[in-house]
Amino acid sequence: MAVYSAAAAVLAGVESRQGSLKGLVYASNFQNVKQLYALVCETQRYSAVLDAVIANAGLLRAEKKLRPHLAKVLVYDLLLGKGFRGRGGRWKPLLERHQARLKAELARLKVRQGVSRNEDLLEVGSKPGSASQVPRFVRVNTLKTCAEDAIDYFKRQGFSYQGRASGLEDIRALKGKCFLLDALLPELLVFPAQTDLHDHPLYQAGHLILQDKASCLPAMLLAPPPGSHVIDACAAPGNKTSHLAALLKNQGKIFAFDQDAKRLASMATLLARAGVSCCELAEQDFLAVSPSDQRYCQVQYILLDPSCSGSGMPSRQLEEPKAGTPSPERLRALAAFQQRALSHALTFPALQRLVYSTCSVCQEENEDVVRAALQQSPGAFRLAPVLPSWPHRGLGAFPGTEHCLRASPETTLTGGFFIAVLERAEVPSSVSQAEAPVSELTPGPAPKRRKRRRKAAAAPSTQPGT
């Protein structure tokens with residue numbers, strides 16, 4: 001199957017230093033980027049284990065046409081992944097001939113190391129820690145369906161709906177085929193950590209977006225009303241853009257910028273599947289976009305999620321299991337770019353509200369960037385107080401950082417994240433006070449755990465707008 005060949009090519013590219021794992025995944029032109037990324041990360045994580053099993057089983061000596069990286073990917077899926085499950089193509093019968101020997105070698109390896117679980121074979125630096133306990137968050141795409149219908153669909157598939165979560169303990173207790181509605185975001189479903197929905201029909205049809213809770217907060221806190229003009233400054237891969245479109249109900253305009261043509265192509269596919277029709281994509285550096293351009297004269301909302309170190313991403317440890325804090329040189333370079341981008345965004349004349357976010361846990365990319373940008377525009381913008389009940393706040397780098405949000409696997413059961421909401425201190429005369437967004441959202445009532453079935457979710461449509 002194409003995914004195995006693509007994964008093998010990425011692994012070979014990483015080994016020969018042709019690029020980063022994520023960069024090579026996006027450059028592969030494989031359509032299902034998330035599926036490929038997950039397969040490569042997990043194969044990479046178990047690399048030493050797979051090398052030992054393959055060598056001891058004599059697989060490459062017996063099958064001389066099978067290349068090492070492809071063998072590693074295939075053996076991972078056969079022994080440690082989901083199994084071939086209808087895929088594998090011409091390699092499936094070949095691997096199945098050696099399946100008994102491969103399984104026996106894996107079992108011997110466990111005996112020699114005195115362990116019983118596969119993950120216990122990993123080196124300490126590669127073992128999943130608290131990040132592995134982050135649940136599977138699934139945002140219901142309200143451009144195509146609603147939370148109630150998605151819940152009904154899962155219930156008909158044998159999942160057990162547990163209602164709205166009352167706290168983190170409810171989420172920690174999730175297991176098996178149980179799921180919850182998030183306590184804060186009314187369209188966010190929560191499943192146990194290892195739930196894999198990449199092949200689920202609702203995901204394939206664009207009714208569901210696999211998106212961490214922390215990553216859903218920027219669009220939610222920007223809260224543009226339908227009809228607004230919005231800039232998504234560093235938009236790819238597009239999950240936040242699709243969330244903005246859902247909040248706008250496809251009414252208004254999103255100007256989405258990114259410099260990477262291949263990431264934009266993948267993003268266009270994602271947005272089409274999600275039924276987004278209000279977005280204008282541009283292969284352009286946001287820093288080169290002129291605030292005086294009349295196309296953007298009505299832009300009152302900007303979401304800025306710039307390139308960052310990714311130090312808060314749970315998957316980063318799968319790419320680079322022994323990676324530590326980014327080097328001071330890299331942090332300085334990233335922070336300089338982030339500050340330029342934020343300062344540039346604040347010069348758009350009609351701007352009313354901006355959300356700055358990163359998936360970094362480093363102060364240099366977060367509080368320090370916000371402080372520098374505010375100092376460049378003294379009195380023009382201020383930090384908006386948001387989500388006062390959120391447990392993890394900004395670091396005390398300067399007065400007002402208590403209004404910023406942080407997230408982590410330990411404190412919020414999400415990926416590591418930072419969010420600051422900046423609002424204009426004086427609303428421009430062209431913007432009425434009635435248009436100002438609220439800073440705290442109250443969830444509506446959770447769908448009941450009813451038994452009766454609805455008609456609408458019986459079969460997902462693949463047509464946009466349905």
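Here, residue 1 is simply the first one shown, and the rest follow in order.
Glycine too: its Cβ is placed from the backbone N, Cα and C atoms.
Copied from TrEMBL, the annotated features are:
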- Cys359: active site, nucleophile (ACT_SITE)
- Cys234, Ala235, Ala236, Pro237, Gly238, Asn239, Lys240, Asp258, Asp285, Asp305: S-adenosyl-L-methionine binding site (BINDING)
- 126-425: domain 'SAM-dependent MTase RsmB/NOP-type' (DOMAIN)
- 429-466: region 'Disordered' (REGION)
**Item:** Segment confidence, the domain 'SAM-dependent MTase RsmB/NOP-type' (126-425), expressed as mean pLDDT
**Value:** 92
**Asked** Using a Cβ-Cβ cut-off under 8 angstroms and a sequence gap of six or more, which residues of the chain neighbour Cys359 (active site, nucleophile)?
**Response** Ala214, Ser215, Cys308, Gly310, Ser311, Gly312, Met313, Gly415, Gly416, Phe417
**Message:** With every protein chain in view, what's the tally of Cβ atoms within 10 Å of the Cβ of Gly238 (S-adenosyl-L-methionine binding site), excluding that atom itself?
**Reply:** 26
**Message:** Among all protein chains shown, how many Cβ atoms are found within 10 Å of the Cβ of Cys234 (S-adenosyl-L-methionine binding site), not counting that one?
**Reply:** 21
**Asked** Can you name the residues of this chain that are 6 or more positions from Ala236 (S-adenosyl-L-methionine binding site) yet have a C-beta less than 8 Å from its C-beta?
**Response** Asp258, Asp260, Arg263, Leu264, Ser266, Met267
**Message:** My understanding is the cutoff is Cβ-Cβ under 8 Å with a sequence separation of 6 or more in the same chain; which residues meet that for Lys240 (S-adenosyl-L-methionine binding site)?
**Reply:** Ser215, Pro218, Ala219, Asp232, Leu303, Asp305
